[in-house]
Amino acid sequence: MYSNKLGRLMFGLKGLKVTSASGAFQRAAARSGFSWAAVCKQRTLCVRSAVHTTVDPGEVKRFQLLANKWWDEEGEFAALHAMNDLRVPFVRDNLLNAQRERHPGQPLAGLRILDVGCGGGLLSEPLGRLGATVLGIDPVEDSVRIAQLHAAHDPDLRDRVSYRACTLEELSGEGEPQQPEQGVTQFDAVVASEVVEHLADLDTFAICCSRFLKPGGSLFITTLNKTNLSYALAIVVAEQLLHIVPRGTHDWEKFISPVELERLLESNGFLVQSVQGMLYNPISGAWSWTNNTEINYALHAVKQDDEAQDGSSPSGGHDEATHS
């Protein structure tokens, strides 16, 4: 019964400021008997601290309960299935721009990709079908089991896509601590799609990603901005009103702005190349690109080599959408 009102709200996002969009949402919520003041009180003030592990036990438990639903395209992960229409070309095209060799039919052949927080393999599989050798990792063992079973049905993926039940720092720790780059497989790209908003420590995440990437390698992230509008739509609307995703999936305090994420990455040897907004339409179930990053956004960064880091400054000269 909310679809018409919320549909009009979603379609108008591109031209609205946060204040006006939030006001529209508040009026719609008030008419439905929903208390905006009540949900605002649920927010808690916290400071993200380095705990030296990316894993939040509460998040692991939550996704453990959903492990068997990864490949239900009409279920809790329907929005992630639909997001492949944007994120797969986003990864493919940016990698191709950096490659000289071309492989018709398998454009990513010869490239190694690490899919962090792979879940049931929703992104790992299409990247493998494009020719990449993909390793998907996830701390939820049942999700990895589902990913392995699903990939086994496609003979083309058997030699290209593999999975491991482990955390990013566990995988990173397999190298010799005295020689941090030795004994660690390095990748052409690391992908973390809809992952960083569930992590306990983003500093550890950035350090591990840098360790796994070759110099010049790409890091791809899709996540949620930390704005009033993202709280209203990603949590109140998507979880509590429309049930697009299960209640409790997101913690607004873990959301991160493009500016803050860029600052974190640049302090760990990355140079951000582009940031682009993403918009989900709950009526059509489709994603589209937008210049507005107030809700969802995609980021592409490149690991600099030592010489580039010594001579560079965080100038922010990348292709930007409107940051908030």
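Every residue number used here counts from 1 along the chain in the order it is shown.
For all residues, glycine too, the Cβ spot is worked out from N, Cα and C.
Nobody curates TrEMBL annotations by hand; they come from automatic prediction.
Sequence annotations record features per position, and here TrEMBL assigns S-adenosyl-L-methionine binding site to ARG87, GLY117, ASP138, SER193. What TrEMBL lists as Mg(2+) binding site is GLU194, GLU197, HIS198. Annotation source TrEMBL lists region 'Disordered' at 305-324.
Here the CA atom of GLY117 (S-adenosyl-L-methionine binding site) lies 8 Å from the CA atom of GLU194 (Mg(2+) binding site). If you measure from the Cα atom of ARG87 (S-adenosyl-L-methionine binding site) to that of GLU197 (Mg(2+) binding site), you get 17 Å. Sequence-ordered, the extra residues of this chain that approach the Mg(2+) site, with Cβ no more than 8 Å from the Cβ center of GLU194, GLU197, HIS198, are GLY117, VAL195, VAL196, LEU199, THR223, LEU224, HIS250, LYS254. Put simply, ASP138 (S-adenosyl-L-methionine binding site) is 15 Å from GLU197 (Mg(2+) binding site) when counted between their Cα atoms. You'll find the Cα of HIS198 (Mg(2+) binding site) roughly 10 Å from the Cα of GLY117 (S-adenosyl-L-methionine binding site).
Summary for the binding-site residues ASP138, GLU194, GLU197: the Cβ-based neighbour count within 10 Å is maximal at ASP138.
Counting every protein chain shown, the Cβ of GLY117 (S-adenosyl-L-methionine binding site) has 25 other Cβ atoms within 10 Å.
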